[in-house]
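In Swiss-Prot this protein carries:
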{"type": "BINDING", "residues": "His614, His618, His624", "note": "Zn(2+) binding site"}
{"type": "COMPBIAS", "residues": "279-291", "note": "compositional bias 'Polar residues'"}
{"type": "DISULFID", "residues": "Cys584-Cys606", "note": "disulfide bond"}
{"type": "DISULFID", "residues": "Cys586-Cys587", "note": "disulfide bond"}
{"type": "DISULFID", "residues": "Cys723-Cys752", "note": "disulfide bond"}
{"type": "DISULFID", "residues": "Cys779-Cys801", "note": "disulfide bond"}
{"type": "DISULFID", "residues": "Cys895-Cys917", "note": "disulfide bond"}
{"type": "DISULFID", "residues": "Cys958-Cys969", "note": "disulfide bond"}
{"type": "DISULFID", "residues": "Cys965-Cys978", "note": "disulfide bond"}
{"type": "DISULFID", "residues": "Cys1118-Cys1129", "note": "disulfide bond"}
{"type": "DISULFID", "residues": "Cys1125-Cys1138", "note": "disulfide bond"}
{"type": "DISULFID", "residues": "Cys1140-Cys1153", "note": "disulfide bond"}
{"type": "DISULFID", "residues": "Cys1211-Cys1233", "note": "disulfide bond"}
{"type": "DISULFID", "residues": "Cys1271-Cys1301", "note": "disulfide bond"}
{"type": "DOMAIN", "residues": "954-994", "note": "domain 'EGF-like 1'"}
{"type": "DOMAIN", "residues": "997-1114", "note": "domain 'CUB 3'"}
{"type": "CARBOHYD", "residues": "Asn214", "note": "N-linked glycosylation site"}
{"type": "CARBOHYD", "residues": "Asn321", "note": "N-linked glycosylation site"}
{"type": "CARBOHYD", "residues": "Asn486", "note": "N-linked glycosylation site"}
{"type": "CARBOHYD", "residues": "Asn541", "note": "N-linked glycosylation site"}
{"type": "CARBOHYD", "residues": "Asn559", "note": "N-linked glycosylation site"}
{"type": "CARBOHYD", "residues": "Asn747", "note": "N-linked glycosylation site"}
{"type": "CARBOHYD", "residues": "Asn1005", "note": "N-linked glycosylation site"}
{"type": "CARBOHYD", "residues": "Asn1038", "note": "N-linked glycosylation site"}
{"type": "CARBOHYD", "residues": "Asn1327", "note": "N-linked glycosylation site"}
Amino acid sequence: MRRRRGTPLGVSWTNCVLLLATGLLVVLISVHAKNPRPHRGLPAPAPAPVPASVDQVATENAHRREPTVDGSVLQRLSGSDRAVDEDEDVDEDEDEGLKHQHLEHRQQFDAYLGTIRRLRRPYRSKYTIEQLMRLHVTPKVSGDIDMDPCKAGGFMGDIALPEGDSGPVVAHTPIDDEEQERQEVEQLLADSPSPVHDPPSVSGAANSGPTKFNATFQLDLEKLKQEVYHEGLQVEEEGLTDIIRKKTKLPSSGPVNLKAGQSQSQSQSANEPVKPGSESPSDYAQASSYKNEVLPPSEQRIHTDKPARLTLAEIGPKFSNKTQSLHRNVDTRKIQSDNKDIEDDSGNNFVAERRPSQIVPTSLPEQRSTPAHVYSNAGGNGMQLDDEVDFLHSRGVVRRRHRRGPKQRRSNQHLEHEVKLQRLREELSRPVIEAHHHQSHHQKQAQHRQHHQSHHRKKHRRQQQHHRRRGQSTTQYVNHSPPGFNQSQQAQQQSVPEMDLLKAETSKDEEPLRHRVARAVTAKKERIWDYGVIPYEIDGNFSGIHKALFKLAMRHWENSTCIKFVERDPEIHPNYIVFTVRSCGCCSFVGKRGNGPQAISIGRNCDKFGIVVHELGHVVGFWHEHTRPDREKHVVIEHNNIMKGQDYNFNMLSPDEVDSLGMAYDYDSIMHYARNTFSKGTYLDTILPIEMKGRKRPEIGQRLRLSQGDIAQANLLYKCPKCGRTFQESSGIFASPSHYTAGALSNETEHCEWRITATYGERVELKLENMNIFKSNNCETDYLEIRDGYFEKSPLIGRFCGKVDKEVIRTESSRMLLTYVNTHRIEGFRGFKAEFDVVCGGELSVDDAVGRLESPNYPLDYLPNKECVWKITVPESYQVALKFQSFEVENHDSCVYDYVEVRDGPGQDAPLIGVFCGYKPPPNMKSSGNSMYVKFVSDTSVQKAGFSAVFMKEVDECETQNHGCEHECINTLGGYECSCRIGFELHSDKKHCEDACGGVIEYPNGTITSPSFPEMYPLLKECIWEIVAPPKHRISLNFTHFDLEGTAHQQSDCGYDSVTVYSKLGENRLKRIGTFCGSSIPPTATSESNALRLEFHSDKSIQRSGFAAVFFTDIDECAVNNGGCQHECRNTIGSYICMCHNGYSMHENGHDCKEGECKYEISAPFGTIFSPNYPDSYPPNADCVWHFITTPGHRIKLIFNEFDVESHQECTYDNVAVYDGESESSSVLGRFCGDKIPFPISSTSNQMYMVLKTDKNKQKNGFTASHSTACGGYLRATSQVQQFYSHARFGNQDYDDGMDCEWTIAAPDNSYVQLIFLTFDIESSENCTFDYVQVFSDIDDVYGQYGPMYGQYCGNVLPQDINSMTHSLLVRFKTDGSVPMKGFSASYVAVPNSGEYDHSDEDVENSYSSEMVTPFPGSLKSIYIEDTQEETDEYSDFSGNQLVFNGQYRGRYSLPKRYYSGKA
């Protein structure tokens, strides 16, 4: 046999290498075999670790190495492969042997590499457990707080403080009793705020003991309250839904939860709003792809008594399992608004048409000629319960209504008046001492006496004021006289200048009841916007209809003042406002802050015309009217009726904070509070105008339009010229003040300003006629200056003087500014007359900025018979990009009436891109060249709100320039975005990529840290970690550092940045353990399975140092044979405990259960229950169960009448627990003990489960309770057909009078609800106005309003079957006080969306999106489609999802009707 040269003893070099590799592999495998755990762990921490600095830890980490394969071994192994291939002298037998050995070792090597890859974990931690346990991190905070009005220090605008520390998050029940609510709130909140100008006192906060606030919270609260006092924070109640609910005695969305038997003031910081074991229906979540599926509630909960973090040495075999839970309260009673007696805004809105008008000059800017003052009332009206109310409707009809209060209030009206009058005398007689304003007690008395000196003078003054108020017209005077007509008398008759009214009111002939005082506007001149120009931006999250609403409110301010709201240009507008949504609801800063963008938040319940106008008033520089220093002469504050903790909203401002503009107190101001703002109840007054004998108390708190005082005040604040006005019409005629009165010579200088505003895409054409102005050198002294824009720095078109006639001037933009100065009026120079027209169409171009295009008259309805053609061009080598932001054009299948036509080129013969109409915004589009043709056409009838669009130059930046993206570049319309590959995520610079946070961790112990820890975490970050332990194990998470955004006075639900911990119960089932924020260390969290999920979220402002946590696993003894427990086994750290079902008691052996004799099944709709032996003591070791069940679609209400159960801070000994469902596995509504009667409790479904458990010591008398039923609730539609009924005794008796019930029926995503009425017998009436059933498309998730209505039904004919357009429906049943009938029954089922028809809003011809929810003046549109055969045919393919009941085809309901009434 031939042998290779140089190979001794017959052993080849290849075999040697393979033998060495095999030995190395054996050694590595033996090392791994020493660890019996299936997952590689980290070394245990050393006891009593010494804190280490971040730099020390970083140095240690620099020397850490990940396990790798020796490079020389790889080289030798790969080299052996080549050695075999290169040897040409090996014989065939040896070749076969070597190849076999090589293949065998190659397989072993591949297996080894596979082992290395499997052991390489997808998540890389920065720290070991030892390092993390001894790491000390200093908390950090970023400096971007000013943009968010809810978070900004020194905030100046509308926002409210919290009512105090909310206490531990434990059992809670709805508050239905007003007295109990009052007592609870008084115990929860601080005793009283500091005086306005006193320094904060926090000495008692830190040493207050367990019944006082947390010291840190008290410091924060006092600091913020001082900002309120010194900075003048102002509050709007409309956006604070929790306060509205409390006023109407509804449960709060963020309830204050109390342990039974515990003092309410024993509180927990809001930094820990949700504790482990605090369960609610929202605690059960889905994995991201199944987040809307139904999750069955789990009975297992986690609770800890240790609020601070655990050290490793403290983790012992025992761990508390006591459970306290949150409760999501459901009540079908609606929230009553402050203005419930004012007509609903959906019926009082109408479009202000543009029409040519000839305008008479006035000394103050006048109101527009269109009736633009009839708008929705979104604020409180402040009317007295028995006041008469006049309503102006869209046709100009005045209808009078009487507000009616409770009978008791009517009967005691005289007594109440005497009480309030006496209280008023005490208020006026009490001395008031303020910084910068001291007034003696005798001066107060003297002023009080002056108020009652002369009865005939008061009567005369009241008559004058009455006539002046009636003379304030809500519409502008329109003159149709010929040009030669002398109009001086007419101008005098039209209106009296506001300043003249003020002078007359404060003349020497009257007592000083309303002297010249400080008006509620800012005294800080730096907060006044330069040139009266307020730039704005609108968040892209708002719908087109909301953007139109904001523009309409801004136009309302422009129409009456010289203030201009303009789209922000980054090059010239460093300071600007941003319309956005913040958690504070309706809030804004007062005036200009001067540090860049400032937010104006239009949140839930704030998207009403009057409220937006009000918030813009704060932007302009207005404070609330009732905060004036002289307010005690005009209103009385009822402090006893103010919600506890909201008194600071009624503090007076000092004269240093407001300017003296000589304006009288304005009860009619849109900036005035309503009478019951922040009251404890809807019918309690917090602020009342002073009532003078024989004079009706004025109304306050209107949110309809700017008052005459608001207009005059704004014009004074911004030094608006006394003559001139703002035009928003499509055409008009105006003239200088002396044009028609040349004979009335005067040496007074005329200074006027006219502002003509059109929409984007329109231009202004002005024709000067009969101009006769003194001709000075370069027109320096007397002139008419015309600018192409909105302020004095806009491009100058020309300055004119002398004589000019028939001069035509055109703008390139959509605005024109005219400034007129006449100093030679005495010499008979008449000035000028002008006529303007607004024309649409023309050539538009854009270079670097973004261009805008709107339909004529937007946001109001476009005009009839319009044809506008725009040619849009951009520089060469670019394309034109067009994006519609809102779109509402008369609909037609072929778009033959009104339409928008877009072509790919400069002319009408260019290739057609599309013709669009209807309500769905067209898709984004771009041209192939550098030009685009856009044409808008309207016919003679049916005008809609029109469209708003932006255009820009477009190029593929990813191809043509150095985009700077580290991984991938994605081209977008008008720009580009960077993207990262899988496993990475985008850095905050939006270009570079970094390792993605989160991941799956399969280790028995380890660490988790927030991104960039210990540095500040990034903005807008979403991280998810999943820790997976071996089967039959549990995972515990212990936080070692915690510093997230969130303080007690900013939030209570971790709405900004948060960490949420879930127990993963299955592949797609999650149960929330807790949600945490702030700086308090969360308690240890333990999973209920072998998987635990951690989610981290950060918002777009304010960063902190983040968090760090250690996790470890523990075996679950309950996983094997249920731990030997007969009923329930609950795992604890290092051990387990056995528990019995309700109605059973534990056997002496600690594992078995024996049956009890205290079980009750209750199905009666009404009744009373008692504890065993009541009124004697209940027995020891009792385990009693009451199971309530009622008619489907109704809920159980439980009211305790007497209650006396052994007391304990955590109700450990004896307790009564109430569950929201059929067993104790349902969510907990409350756990009670002690002798305080619990609050009334309501279930969310038709079942309730109550348990009484007692121990062997100390028995009490027990309880008695009444149970009843309530209609309405939340129904979950599934694939199984379910039913619900109109009233609890359906089939046995008629429904009750005065019912108002709501059912929300929700189906899973990608499904719709099919609602079928099985029986129907409702009192019949015309238009169904007495008793009726309404069906809506659910309630808007953001703003809490009804969606589009499918129909309103009555009579005894079955309504058509209804299929929801979305995945939910809302059914409302309302009855009056007479003629009850049998009621109705209905079935509902969830039907998956078929491929034939998509129920999304995008595919519906008449879009029922959220944009149609909020009506406002000028865009109120009918959301109902006529049930024509043509429309029915269009949806005829619905037959794929038909249902059959009782052998009858029920069909499908696809088109909504407004009313349906019929009889068999």
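Just so it is clear, glycine is given a Cβ too, placed from its N, Cα and C backbone atoms.
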Tertiary contacts of the domain 'EGF-like 1' (954-994), defined by C-beta under 8 angstroms and 6+ residue spacing from its ends, are 850, 874, 877-881, 883, 924, 926, 1018-1019
Grouping DSSP H, G, I as helix and E, B as strand, the residues of the domain 'CUB 3' (997-1114) number 0 helix, 60 strand, 58 coil
On average, residues of the domain 'EGF-like 1' (954-994) score a pLDDT of 81
Cys917 (disulfide bond) and His618 (Zn(2+) binding site), compared by Cα position, are separated in whole Å by 38
Asn747 (N-linked glycosylation site), Cβ-centred 10 Å count of other Cβ atoms over all protein chains shown, is 9
Candidates Asn1038, Cys1129, Asn1327 (recorded positions); nearest Cα to Cys606 (disulfide bond) turns out to be Asn1327
Rounded Cα distance, in Å, between Cys1153 (disulfide bond) and Cys779 (disulfide bond) is 104
Of the disulfide-bonded residues listed (Cys584, Cys587, Cys895, Cys965), the greatest number of other CB atoms within 10 A surrounds the CB of Cys587
DSSP composition of the domain 'EGF-like 1' (954-994), residue counts helix/strand/coil, works out to 4 helix, 16 strand, 21 coil
The number of other Cβ atoms within 10 Å of the Cβ of Cys1129 (disulfide bond), counted over all protein chains shown, is 21
For Cys958 (disulfide bond), the nonlocal same-chain Cβ neighbours (under 8 Å, six or more residues apart) come out as Cys965, Cys969, Ile970, Asn971, Tyr976
Long-range Cβ list for Cys1138 (disulfide bond), cut-off under 8 Å, min separation 6+ in sequence, same chain only, gives Gly1123, Gly1124, Cys1125, Gln1126, His1127, Glu1128, Cys1129, Arg1130, Met1146, Gly1150, His1151
The most crowded of the disulfide-bonded residues Cys586, Cys723, Cys779, Cys969, Cys1211, judged by neighbouring Cβ atoms within 10 Å of its own Cβ, is Cys586
Within 10 A of the CB of Cys1125 (disulfide bond), the number of other CB atoms across every chain shown is 21
Between the C-alpha atoms of Cys1140 (disulfide bond) and His618 (Zn(2+) binding site), the distance in angstrom, to the nearest integer, is 61
Fewest neighbouring Cβ atoms within 10 Å among the disulfide-bonded residues Cys752, Cys801, Cys1140, Cys1233, Cys1301 goes to Cys1140
Quick note, Cys978 (disulfide bond) and Cys1233 (disulfide bond): C-alpha atoms separated, nearest Å, by 59
Taking only the CA atoms, the spacing between Cys723 (disulfide bond) and His618 (Zn(2+) binding site), expressed in whole angstrom, is 25
Quick tally, other C-beta within 10 angstroms, Asn559, Asn1038; top of the glycosylation sites is Asn559
Quick note, Asn541 (N-linked glycosylation site) and His624 (Zn(2+) binding site): C-alpha atoms separated, nearest Å, by 29
Smallest Cα-Cα separation from Cys801 (disulfide bond) among the recorded positions Asn747, Cys752, Cys1118, Cys1301 is shown by Cys752
Cys1271 (disulfide bond) sits from Cys1233 (disulfide bond) (Cα to Cα, rounded, in Å) at a distance of 29
